[in-house]
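Residues or ranges marked as active site in TrEMBL: Asp104, Asp119. What TrEMBL records for 29-47, 53-71, 76-94, 114-134 is transmembrane segment.
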Amino acid sequence: MFWITLAFVIDQITKYIATNYWRFNPKKVLFFYFTYATNKGVAFGLFSNSKEIVVYLTLAITIFLSIIPLVKRLDFLTNMFLGFIIGGALGNVVDRIRFGYVVDFVTMPYWPTIYNLADFFILLGGIGIAIISLRRRDVGNSSNSTGEGLEIRQIYSRKSTRLDIENVHSKSDQEWNGNSK
């Protein structure tokens, strides 16, 4: 909940600044241009004539994503990145419901689009979750059904790899106790 609130509040504050200060007085900081623009669609202005569809679809996706932490325990980073996505989506959907458009205000030279911090949070969250998923898949592939790689997984998870072996061969005159002579 913290990450959702953080992303949402930062997005709404920056949109307020863009609307009230950068609308008539754009700023340039380093290689970023801060100005004011409106977008009735989604990325690249797509679906700009379908406000209701965009609002309902965004709400449905946001509700679906909000249910995930309720039914599945997430690690810290996954929870943070998912919170960024939900908070960013809520920031944009609130604009669409209130104004009929989203306030965008950040662009760069030679960059074809203008965006806002909600878009940035959604992008950051998506990239973060993709990286986490890829890393988990790689760790999951370190072992297979034949047991190859188990020693790496056991050491990684700090489980003991010591085996107690007892020699019960009938021709043996002593039992193996784990110590060599």
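Note: Cβ is positioned from N, Cα and C throughout, glycine not excepted.
When the alpha carbons of Asp119 (active site) and Asp104 (active site) are compared, the span between them is 9 angstrom.
Close to Asp104 (active site) in the fold, though at least 6 residues off in sequence, lie Ala18, Ala37, Thr38, Asn39, Ile114, Tyr115, Asn116, Asp119, each with a CB less than 8 Å from its CB. Asp119 (active site) falls within a helix when secondary structure is assigned with DSSP. Under the three-state DSSP scheme, Asp104 (active site) falls in the strand class.
Residue environment of Asp119 (active site) contains 22 other Cβ atoms, counted within 10 Å of its Cβ in all protein chains.
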